[in-house]
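Colleague: Here it is, the structure, as structure tokens.
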Amino acid sequence: MEEHSNQKLNLASKRHNPIPELWWFFAVAACVKLLLIPSYHSTDFEVHRHWLALTNSLPLSQWYFDETSPWTLDYPPFFAYFERFLSVFANIIDPQIVDLQKGLNYNSNTVVYFQRVTVIVSDLCLVYGVFRLSRNLDSLRRKSIWVLIIWSPMLVIVDHLHFQYNGFLLGVLLISLSYLEEGNDLMGGFVFAVLLCFKHLFAVAAPVFFVYLLRHYCWGGGFLRVFKRLSAMGAVVVAVFLAAYGPFVYYGQIQQVISRMFPFGRGLCHAYWAPNFWVFYIILDKGLAFLLRRLGFNIQAPAASFTGGLVGDSSPFAVLPRVTPFTTFIMVLVALSPCLIKAWRDPQPGKITRWVAYAYMCGFLFGWHVHEKASLHFVIPLAIVAVQSMDGARHYFLLSIGFSAIFESGVSVKKASLENKRDDQPELKTRTAAQKIGFSIGRVEKNYLVGIIVVEIWGRFLHPLVFGDKFPFIPLMFISIYCTIGIMYSWIWQLKWIVRCVGS
Amino acid sequence: MPPMAHKELKRKTEKINEGKDVNGDDGWFWIVHKGIGAAFISIAVFGFLVRLAVSVHPYSGAGTPPKYGDFEAQRHWMEITLHLPIKDWYTNTSSNDLSYWGLDYPPLTAYQSYFHGLFLRFFLPESVALFSSRGHESYFGKLLMRWTVLSSDALMFFPAVFYFVFVYHAGRKNSHKSEIAWHIAMILLNPCLILIDHGHFQYNCISLGLTVGAIASVLSNNDLTACFLFSLALNHKQMSAYFAPAFFSHLLGKCLRRPNPLLEVLKLGIVVLGTFSLIWWPYIDSKEAFLQVLSRLAPFERGIYEDYVANFWCTTSVLIKWKRLFTTPTLKLLSLAATISTCLPSMVQQIWDPSKQGFLYGLLNSAFSFYLFSFQVHEKSILLPLLPASLLAIEEPFLHNWMTLSALFSMFPLLVRDKLVLPYIALLALFSLLNHAAPIRSRGTTGTNSLRSFVTSFFLLCALILHAVYFTMPAPDRYPFLYEALIMLLCFAQFVSLAVYTNAKQWMLLKRPILVQKEKKLL
């Protein structure tokens, strides 16, 4: 493997410089993103605008206390610093954007253009991450990765329609992975620590990073070496966290920051059912309740719902035991354990991307209050894996289509059709792009994809015709269940892959 | 790594190397290696995505009562055709006020409006209600209207382009796969057409799609189909007549070479007349009705030019006040004479020696002479000469690139009025990027010509400065349209030089067969 990649390196260096081509891919994507500027954006747009105002007009000590708007700051400090940095330019362009009071729900052209452009520009981080990860590959694979990630329809929908900075954050993740793949563990750990201080949701993969770094970087070679390396890594990580949280520790606000970042008051599922394991659990509960009621038991209908954003203290389950955040935490750890064991036994740089993707997938399947957007965390790294093997490509294809469908459905609840009809298109774009990599999908997968189209058509056209406005949740539920099946399938496949390939 | 995966990897790398040997690493490999059909579908889907994204932007006359713009005109036609009897569509009645966006396109447009009106009525009846819907603007209404254009584009223009590319490259001996893909992208992602149809709001995709279909039919020697399709195009937009001299001369030249010329011409004539009479059926039973429709199609009362169009009459009017010097009938004759005399050379060439390549140049030349010299030209009419130029993109990459840029530039004031500056910039960038990624063989090889590079960079610099000035400085009070006039002047200069070049090029085709024959003899 090592030899192989060396050969590739030589070949690649002989050929022409890939950087202009990479710019080309980025620029084409940027053109499409520019066209999408006036299209629909979610409340996340106002969230980020408010954070610009908040970080610009308040002193650091009040950032995590402010309650001017319901959209309080709930990202770690580095992201707040990032918003502070952006707010400097926002202030130059239009001071109303960063006005704490007058800026509320400000929706003029300047703010839309400014915020959209910041997302487009911050995608450069993603491009750099992709470049680092793919520079040693041959031309075709390199281009496949570029197409899959830089032109990723999921990213376009979530970042450039819905509005978030996932491209930027995933770019940081990819940079970290690229350092690990190169064997530069210290830098990899450093960048990952930085990422955690940008968005704490990425912490799901922290166990994998921890075990891998401990074993691959620190372990072996006598006590002194272990100690030296351990303290080096520790110092780097602590320094990063100190840079992020230090000021808040100084003001004695760390508790407030933590409570903002981890709102466990929310329900098990997000308002739009993320297609994870808990969907099955909920359905099982409903089914059992129905059955038992038929059998004559007195089952009380639960007072709280799963889909509501905020859930009170009452259990939403009628029959099955209640799920607590702690249960989900244990479940994630259990699901992760095969991967952790592998990483401990045989820490290979070539496999870290796959492990990390798997970890995010576990977090997505079993986590607490998972948002469907969290699927980006594993679909994008999987794109890297996808070009390494046929099977990987097949699963990537499956997942990305599945998720495009979910985003679309999630988005369509909130808005009328011009925008979301458009959402179908990038989906097709990747599809055709994926076809170009040259793999054939199996029968199961083909049927699955046909099924998705059926479910979509049902939700979009047939359901309103048959039921009218009644049962608006049914199409969403179908999509969510259907995607869960696909994801579980893919998850089991990945688990199998990780368990199977031991030491080759 | 398990042995299976290893084998797979090896096989793949082999495959890749194979691909390299055949294709060279020209940046298009990843899109074409599954064949042209797949490449066409993916490019078409991308083109569709771009069109969808553009249609999110405002349309012409959005929120500007009382007349609004082309969007309202098209919507109004749907309203009229839906509610009035077919005989009254073109006449001024109490319920059809012709001064408010009266129907002034041929009957096929009216039929198309009728069908689209049915579509709109199904979903949103108030958007096409008689009288009460005037100036109707709603989110859903815009969505439906946009989808009528999008669907027409996908159903007419895209298949026609596929047909053309298929026929055209079957006729060329050494077309490279990546060249074909690039060619498709150049035709489908033409920024001007996308901006006018999906931004400004028009249905050029239908008439141009029919024309492309007709051109492809000519190239595949289905002359009767070509006549049928081109008659349809003429009946959708009278502007399609820009191409008529080329079709006429090429088909005539072809017929003359057959054993029985008269019969051939007769056959074509019958097809044309048959198509026309079918479409004009409701209006040909009385002379008045027929003349009424005809008078609507030729709005001579609007004068020889409007606004700032980069054609001969408008540009020279800076020096010669045509409208003051001559009466409208004289100007009509003058413009007719100028148009015919300028497209005569290309017609003669095609009658003399009809060839497929010459036909494409002929289309370009006749459309150019109409654009430059005919009566009442819109800035949007540049789409017509642009179409054959994009069909010729493989042979004339430089011409195509240059022409697209200047055409886009000539529409700039219009797009500013429509608030389409953002898509203008994005599509211009996209076009330049795609053009930059052209397969090596299609890149302008004669770019080393120092005079040409000097002239092009001069024009580009002027355009750049004008853009900057347009946005930053208001025009002086004495000359409120100074910048528009300057843009017009610059574009006119470019169009004229391009027209001279393409005319010369078409005549040079005559020499080529002799050369080829000589080469064959030598071999």
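Quick reminder: no glycine exception, Cβ is built from N, Cα and C everywhere.
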Colleague: Name the residue range among B:358-377, B:398-417 that TrEMBL annotates as transmembrane segment.
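Modeller: Residues B:358-377 are the ones TrEMBL records as transmembrane segment.
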Colleague: Counting only residues 6+ away from its ends, which parts of the chain sit with a Cβ under 8 Å from the transmembrane segment (B:450-470)?
Modeller: 398, 402, 405-406, 409, 412, 416, 483, 486-487, 490, 493-494
Colleague: Short question: most Cβ pairs under 8 Å with the transmembrane segment (B:180-196), which of B:143-168, B:208-233, B:358-377, B:421-438?
Modeller: B:421-438
Colleague: Between the transmembrane segment (B:208-233) and the stretches B:143-168, B:265-284, B:358-377, B:421-438, work out which stretch tops the count of Cβ pairs under 8 Å.
Modeller: B:143-168
Colleague: Given a Cβ distance threshold of under 8 angstroms, which distant residues of the chain, six or more beyond its ends, lie next to the transmembrane segment (B:143-168)?
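Modeller: Residues 36, 40, 44, 47-48, 51-52, 55, 59, 71, 74-75, 112, 116, 119-120, 123-124, 127, 180, 183-184, 187-188, 197-198, 201-203, 205-206, 208-210, 212-213, 215-216, 219-220, 391.
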